Amino acid sequence: MALRGCVAFLLLLAASPSLSQLIFLMEPPPRLSFSNSTGASVSCAAHGSPAPTITWLTEDGVPVADVPGLREALANGTLRLGAFSAAQYRSDVHAAVYRCRAAGTVGTVLSRDMRLEAVMDVPWDVRVQPTHGVSGGAALMTCAAPPTVRAHVTVTRWFKDGAVLAPLVGDAGGHYMIGGSRGDILVIREARPDDASSYSCEAQHALTGEKRRSASAMIAVSHQTGSMAPRILTVSEDETVPQGGDIRLVCCAIGSPPPAYSWFRHANGRLSPVSNSIRISVSEQVLVVRRAQAADSGVWTCRAHNQYGEQRRDARLRVRSRLVVSVHPQLQVANSGSSVQFNCSVEGGEARVRWLHDGVPVGGGERTLRVHGVVRAHRGMYQCFAERDLDSAQAAAELRLGDTAPELHYTFIEQALHPGPALALHCSASGSPPPRFTWLLDMQPVEEHNTAQRSISQFMSPNGDVVSYLNITGVRAEDGGRYTCRAQNTRGAVEHSTRLNVYGPPSIRSSGPVRVVAGVNATIYCPYSGFPISDIRWQRGGLDVGSSGRALAGGGGELLLWPAEPADAGVYSCRVSAPSGLYAQKDVQIFVRNPPKIAGFSFPADLVEGSSIQVLCGITSGDKPVYFSWLKDGQHVPSNLQVQEKSLDEFSFLIFSHVTSKHSGEYTCVASNSAAEVNHTARLAVKVAPSWVYEPQDVSALLGTQIIAHCATKGYPEPRVTWLKAQGPSSTDFRPLNRLELPMSVLGNGSLTAAAAARAHEGRYMCRADNGVGRGLSKVITVSVNEPAHFEFSSRNMSVRRTASAALQCAARGDAPIQLHWTHNMQRLDLSTYRVSVSEKRSESGASSTLTIAHAQRRDSGVYRCRAENAYGRDELLIYLAVQEFPEAPRGLAVERREGRAARVSWRRGYDGNARLRAYRLQYRVVGDTRRAADWTDAPTRDLSPDLLLQRQESAEADAEVTLEYRVDGLRPATAYALRLAAVNDIGDSEYSDSVIVQTLEEAPSEAPRNVEVQADAPGELLVKWQPPSQESWNGELLGYALWWRGDNATLALTAPGWAASGARLAGLRAHERYELRVRAFNAVGAGPACAPLAATTLEDIPEAPPAHVRCEALSAQSLRVLWEPPPPALRGGLLLGYEITYQEVGSLDAAWEKRRAGGGEAQLAGLRAGNYSVRVAARTAAGLGPPAAAHCATLDDVPGPPADIKVIPISEDAVIVSWLAPAQRNGRIRHYTVYNRPQRTGQHSHALVPHTAEEQMLELRGLQEHQLYEFWVTAATAAGEGEMSAIVAKKPSARAGAKLWSFPRRITVAEGARVALTCGAAGSGAPTRLWSRRRPPAPAADSRIRLEGHRLVIPKVEASLGDNYTCTVRNMWGEERGTWELRVAAPPARPRLRLSGSAPAALLLAWDAPAGDPHSFTLEYARGEGAWQAAWVAGGARSHALRRLACGAAYRVRLTAHNAAGSSAPSELLAAATAGGVSKPAAEKYLISSNSSCVRLNLLTWDSNSCPLTHFVVSLRAFADSAWRSETVAPEAAPAALCALRAATWYHLKVVAFSTAGAATATYYFSTLTDEGERIAPPAQFPSGGEEEQPAGGGALLLAAAAALLVAVLLLAIYVFKRSTTASCFRKGYEQSGVSEEDKSVEKRDNRRNCQQVYTSSPIKNLNTKKEQQEMYEISPYATFSMSGGAGGAGGAAPGPETGSGTLRTFGRAEPAPLSAAPPRAAHSHRSPAHTDEYTLSRAMTLMVRRTESDSDSSGSPCAECNSSVSYRMPLAPAKADEVFRAVTDSSAESCGGSGSRDKSRRRPRRHHAPNANRYQQQQRQEQERRDFTIHV
């Protein structure tokens, strides 16, 4: 209703642009009650342009604030009240008054007040209170609710013996009647002993929607005994009904004999009997008021009487009328200064009235609001509110401004400025029409004082205001003065004035005369400039103003003439003085003008049409000349009125020669002169006698329709119209109408109306109009009320049992004569038969007819029409006669849709026995459940109420059959059920229908894995263990388990295939990291619930990264400070326990590594020798040391030690050679050496500086004296200074010096492969010769590996075999000397031997033996595939290492290199190793894909992750006819992924790429979408190639091999079929019997015979490679149809007859179901090996094989054992519907088991494969067809 009202309003708004543009579309109700358990929402919406802002307010006008959880005001205008508890109750929230405010540009409106009442939800129930009934009288029951909820509870249904009484109660003439405004009274009329039953009622809480059904109560009906006056048991004492609603007033009495009832209406203190009409009817105890009106309110009296007495009781009825408010006019456009009036009309009873303007109260409590002197502030929205106790309403109107006088919105202020700056004076004003600004300076237009510095601008602002600026570019002293901005339009003017003061001397500008009006206050300002001013004086005749005369000087120096008089005219002088003594003075001329004054005039009060009159408008004073003009109603006097105007100097005439009603109005005389304009107004009223506008006419109306008699007149004053009614048919006594006696009303236009014509309205009426002028008018009319033929009720239900008699009665009311006719099902009755007869009776009020039917038969059921017709109308009474009997069984029971725990079944109604079907009885049981009996003995049943059933009509034809549907819930997933149905009506039950078998779909597991444990057994790895969930929760075949956890910025998933999988290892994790994981079990549908989140922390590992930013600081020559930063937190591998610092002095192969430990980020190394050091820092956890970070450091320099050795060799009589070795303790970098010499025993010495260049150096000293003994020594120097001196060597120069070595033979250690040079420096008198030799042959000169370069022996690349003693011999003529060098070769470590000791999904465990060479560290290098090498540092003492956080399932190359001080070993042989796991394995199609007509669903969990976590999938698909792929990225989530927006009945090519940590795996599939009807489509003749990937080179050979294997399989199958063909006779025989015998009359038998000829399968096609696979059992089809007829028990029963099925169904499955607590056998699972991914297990399928009854196979333990028990199973023929969202693509539709007709071929739906070959596909299709000939799948 609210929506229709909004639409109607919008249409009205579009059609009427004058309506208000701001009005409520949705307004809160006046009262709102809600339950604290449900809360409530109230909407508020308003229309406006632009859209208004909605705000909720409290009672005091404050915006509603949100109270969390209790109250919230939404942005869309909804006030939401939340549910709350008793402790949360707040009176300011739950018992408050709210209103809604809509604010827009045109104004603001408020909604009516909404009083909120929160009702606390308390427990409640209802109970039935019966009264004792007497046979033949009335019995009554009341449905009583507790007082706390009674106001909110309504009775919805009454029950008798559990059956609903409706719709019999809607009939006033029925046996049962419901009364009361809440339906809480049940009346049983003419009670019979069989009415003594149990009754109950059902009530509904209006606020919560809760329903309660009472306990049953028995009513006793006794036979009449004795005699008793009536005693009223109950009456509807106080009932309330909304206007337009229906109400039944109940009056129930007991008495003997049963009393009769009469109803009366109180009117004018009298009781008037109530007669039946269309709206009000009396039916014994019940008074029915339909479409209640306000006039129905009052007291109604019930009278119960019999021959022994009577009793009366009053019933009070209140009709709650709805307040309706309207404001007229809804839009007014008013000019400024005018007056407007709004009228408020209220319908629906008396109410208080108040007015609001833009939400603010205005006016009083009158229904007329007048606004005088309209100004801008008056525009906006005006609302009239009508209020009474429980109701309120409002309406709004808008006042828009027309032409308005200007209003200033912005003005300038007084200022004091120094000359020079720019200035802008600003004014803005609004008005209509837009005003124009004028600027004045000292009351003179600025233009007159215009200079180049002044300019004026004016423009319109965006909001419609006019803005004006007076700009002065450079203020001067003479610019000072009083500035005025004046805004003026046709409606008036407004101005603002203030001074602008500019510093300067006083000055007075010239101005013209000043003119003032006598009698008006005048203020004259002195036009001066200058600032500051100390004094302003006005003088007249040399005297200061105020000291003489009446003129005054104001406080601001202005001249005040209050008021101005003619004597004030003259010359005045203004003197302005400054504090400095300067002054200015100037005269001002003032003229005083006199305005005109009009003498009053008026028009005569008794003017009538045709009179002549003249009126004089004269002035008594005023300056001449005076100008006159006349106005009528504010406008110039129209010329068509022919009124003459004559004006002289001092007066004006208005002459009317012949007045009429058109001359009436307000006449204004306007007199104006140079001083002012004045006016005087008088009213001319011409009295006119009444005349007819619409003369009354006779009126005729049908009973119950509206009566309206028009009577319209005109005249002045306006005539008063009254209606009178004659007191008799021919009486001349007319009396005014009394609304209490006769509900009629007179409209504002004088028309007489009655809402519903009644007999009391007939008579003669007079319309009289009078205004006191003339005789007045009157007219008498006749009102006739005709009653058409009608029935009090339009229909009635009637039932009779078959073979009983029925009497159908109809009683019509109306004016005679009335004709009555009977028809049956639109056909005239055949009254010639003895069973049908009709009798009629006539009365004053109408006629009645009785149709009697003896021995009722089924064909007598139907619609009987009793048609009544007279001259004024016709009516029909429909009597629905039901001849009732037992119902027939439902037909066509079929399965429409399967679900996991439910199935939707459909059927067609059988014959209902012409009785209301109370229910359908559904019986169901599990097929093959050995724990229950094999028959229906203890099968569960359900009674299905028809209200719960869904009805569906197959076609739009009226006679099309209706199919009923019901959703059977509470089933177990993946379970086969047998169902059958029976119908139940009031007579009894039908037989059961044929059974139908349905297998429910799989569902995701309903339980999580049990006993889930997580163990951290290796760094970066977690071992997860679990136990399978209980088998009852599998809901199908459990395919495996899936684990989810959060990795590096991604969620990873790992699948463990197989129901028996009990654990999985998570690898590649970070060490010492906390992980949270979940485990779910999954099947073909999806994953079940996750176990509780498990958190575990991985074990610690050695740090993965070295410390960062290793650096050194030299503290002294003997100490260093080493600093570093810890490794990144993610690479620490656990809790850092400290750091290990190893260091070694650089430059010596023999130097040992020292170790220190530290706990922080720095360490101090002390006790060092000055020099360079190699430092390594490694972090340490509980698992060990991580890789080190290296740095080179140097201490501060110290003074060096003495040179290690010194030699002095004479070479001539005046020269020697001094040679030396570098100090053993260099203590820094040697910068130079100082060589000292001095003659022995003398103090003076000389020295020479020699730069440091090598380990051993020499210096030749000359200029010595022969035979003089000299002392020689050497010192070394570093940056710290000169060190100790060497040993002192004394030597003499000699001319006969023998050959000597100045080099130093010594031990030299070098690393293998290094370059070494042995220096054999010699000197003596004469050049010595050299000879090199070695301890082992060959001699150095003969060894190609050794080079002799001068005095040096050079080995470019030292080998281990070159380690030896090398001797150099030098000779000259004076002697010889030899020296030996011991060369030691330090070898690097031997090549290590690397081996793989183990692998994990993300780790490789490596080991090696200790290599020779004492390595101090290892470098372990590894590379994935052919990728780049990566290195890991390993300590020298380690003999194994684990490479972790590798890629899962990846191949790696690994090599190991050892290091010592001499160098690095050769890398070990490449070791090829792979981490455990691999790329994921594609899922089987039957588990992966399911589709409907527009979507495909992919269960990606069935994709085997192969021990490597899955990261995401890329799914691509395209239709065969498309070229472009559609791709989506899908995460491995628990729910299957759905791709929608597919085309129906289309083949698609699907490509799935699974990405895991091991890489990507790709698989392609084919599937088709279903048709819109849910059917599958035939496969294409040829499938396309497998996408854009190229075929491998050997593809042709593979296809040939596959084709050969397939051919062999087909031949084996053909042999198998041939051998088995003699045993498959049941269905083949059934098919060959094409005819149906004459005895097969029932539909069920024909269906069974036809169904026996059909074989169904839902299994996929697959290659049958072994005999076991050839005998693989197929899944039961949910839509297969077959029938098993009863026969003799055992295999040796009688031979089947024509109506007896000859097949024995045998189940090839488990003989006994496994215990639910036990896990299924591993061998039965489809994931036992990848080669069996297409196999179905017995948990998914149950296959019934058809064999001859002569077979000796035992059928015990299978559902086929029931073939001997007369139980019929029939699978539904209904196809799958499109609303079955997903069906596995492995399902196939039904095919005929025999024959090869086109119809059967068209129904085949072959199985799709990953990449099928057309020939192979056809062979498999034929192969499957042969198998289907012998297999039924349920």
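Glycine too: its Cβ is placed from the backbone N, Cα and C atoms.
Record features (TrEMBL):
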COMPBIAS  1638-1650  compositional bias 'Basic and acidic residues'
COMPBIAS  1696-1723  compositional bias 'Low complexity'
COMPBIAS  1801-1811  compositional bias 'Basic residues'
COMPBIAS  1812-1822  compositional bias 'Low complexity'
COMPBIAS  1823-1834  compositional bias 'Basic and acidic residues'
DOMAIN    17-111  domain 'Ig-like'
DOMAIN    123-220  domain 'Ig-like'
DOMAIN    321-400  domain 'Ig-like'
DOMAIN    406-501  domain 'Ig-like'
DOMAIN    596-685  domain 'Ig-like'
DOMAIN    690-784  domain 'Ig-like'
DOMAIN    788-870  domain 'Ig-like'
DOMAIN    889-1003  domain 'Fibronectin type-III'
DOMAIN    1008-1101  domain 'Fibronectin type-III'
DOMAIN    1106-1199  domain 'Fibronectin type-III'
DOMAIN    1202-1297  domain 'Fibronectin type-III'
DOMAIN    1388-1478  domain 'Fibronectin type-III'
REGION    1635-1658  region 'Disordered'
REGION    1688-1737  region 'Disordered'
REGION    1786-1834  region 'Disordered'
SIGNAL    1-20  signal peptide
TRANSMEM  1597-1618  transmembrane segment
Residues in the domain 'Ig-like' (123-220) grouped by DSSP into helix, strand and remaining coil: 9 helix, 43 strand, 46 coil
Result, the domain 'Ig-like' (123-220) in contact with the domain 'Fibronectin type-III' (1388-1478) (3+ CB pairs under 8 Å): no
Winner by Cβ pairs under 8 Å against the domain 'Ig-like' (788-870), considering only 123-220, 1008-1101, 1202-1297: 123-220
The domain 'Ig-like' (123-220) and the domain 'Ig-like' (17-111) contact flag, 3+ Cβ pairs under 8 angstroms: yes
Dominant neighbour of the domain 'Ig-like' (321-400) in 17-111, 596-685, 1202-1297, by Cβ pairs under 8 Å: 17-111
DSSP-assigned states of the domain 'Fibronectin type-III' (1008-1101) in counts, ordered helix, strand, coil: 3 helix, 53 strand, 38 coil
